[in-house]
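As recorded in TrEMBL, the features of this protein are as follows:
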REGION    1-23  region 'Disordered'
BINDING   H67, D70, H220  Zn(2+) binding site
Amino acid sequence: MTTTPDAPAPDPDQSAGAGTVAPAADDVIAQLADVVDDVAERAFEPEELAAMESLDVPRRMLLVHAHPDDETIGNGATMARYAAAGAGVTLVTCTRGERGEVVEPELAHLEGDHAALGAHRVLELAAAMEALGVTDHRFLDDAPLAGEDPAATAAARYEDSGMAWGEGMRAVAAPDTGPAAFVRADLDEAASRLAGVLREVRPQVVITYEPGGGYGHPDHVQAAAVARRAVELAADPAAPQVPGGVPWEVAKFYEGVVPASVAADSFGDDRSSWPSMVVDDDEVTCVVEAPEQLSAKAAALRAHRSQIRLRLAGEGVPEFMVSQDRWLAVWTTEAYRLARGVAAPDTRRADGLESDLFAGIAPPA
């Protein structure tokens, strides 16, 4: 465009349709700058910082187990697979397994000495987590309640409730459950502690036992109930005992199970004796296959030396035994039933199951 003194170039602020736009835009920009300054100057609460940091890892799962070793037996291959793939894997253990049955003769002196066995199993768990590549582990009783004095949190303790063997492969309550036993814990209090961890970690996927606790151990049953309640409380902004922080909605809640079609290989042909973890095949939602994690899972099982014996069977296949003199194959295919959320079957599978626990979950923006 050519301009002359008689026809000066139009003022950008006065051009057609722009008479009031630029000043308004300037005002908006100034207001946004003020907001940015306010945010930059504000001191964030620790739980807010933790929530923001958790988003640096797009895929996050959290597992809830009753005692050290339960996580490796049921989910070790899954944990190792996702940790190796860069997902955030958090394990919350509800007790220190103080009343476990010691199967290693060299450690027999620990059985009955609850404090000593619990301390030993904490070390075993740390070694197992290293073998699986998991770096975030917590004990449930270390998690605070809202407004709880740190001394009270430090004094809180959920102890192994013990068990006895009932019929078949099912556990029943011990006759001498102690006052600090996890099974005696108030459900909402324990769940509120866990809900605080959920708000901090912000996992899309949570895994625990099916309602029967796998094989009926009272602590497993309690852990499953606590996990379910915690998922509800974490999403409830009015939950009174849950520590502050942004409420969090878990996208998918899974239960570890064993398909009936493969149960006989481990539990025999008498279905009436099978533990509660065995379900009909059509109840299975997801199958995680991780054969490449066999050595990691075997190493983690070996770390739980007080509780687990490990051997190489025919053709070098590792087997383990916890009690009842029953050797079981080390599974690297682990099955899950979706209890909450929407399944997203793998279209490459003829059986219509998921092959990824995070399937169908939209990545964070």
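For all residues, glycine too, the Cβ spot is worked out from N, Cα and C.
TrEMBL annotations: computationally assigned, not manually curated.
Neighbours of H220 (Zn(2+) binding site), defined as other CB atoms within 10 A of its CB across all chains, total 30. Contacts of H67 (Zn(2+) binding site) defined by a Cβ separation under 8 A and a same-chain sequence distance of 6+ are given as T93, C94, T95, R96, G97, G100, R121, D160, D219, in order along the sequence.
Surrounding the centroid of the Cβ atoms of H67, D70, H220, where the record places Zn(2+), the chain contributes additional residues within 8 Å, namely H65, A66, D69, C94, T95, G97, Y209, G213, G214, H217, D219, A223. When other Cβ atoms within 10 Å of the Cβ of D70 (Zn(2+) binding site) are tallied across all protein chains shown, the result is 31.
Classification of H220 (Zn(2+) binding site) by DSSP places it within a helix.
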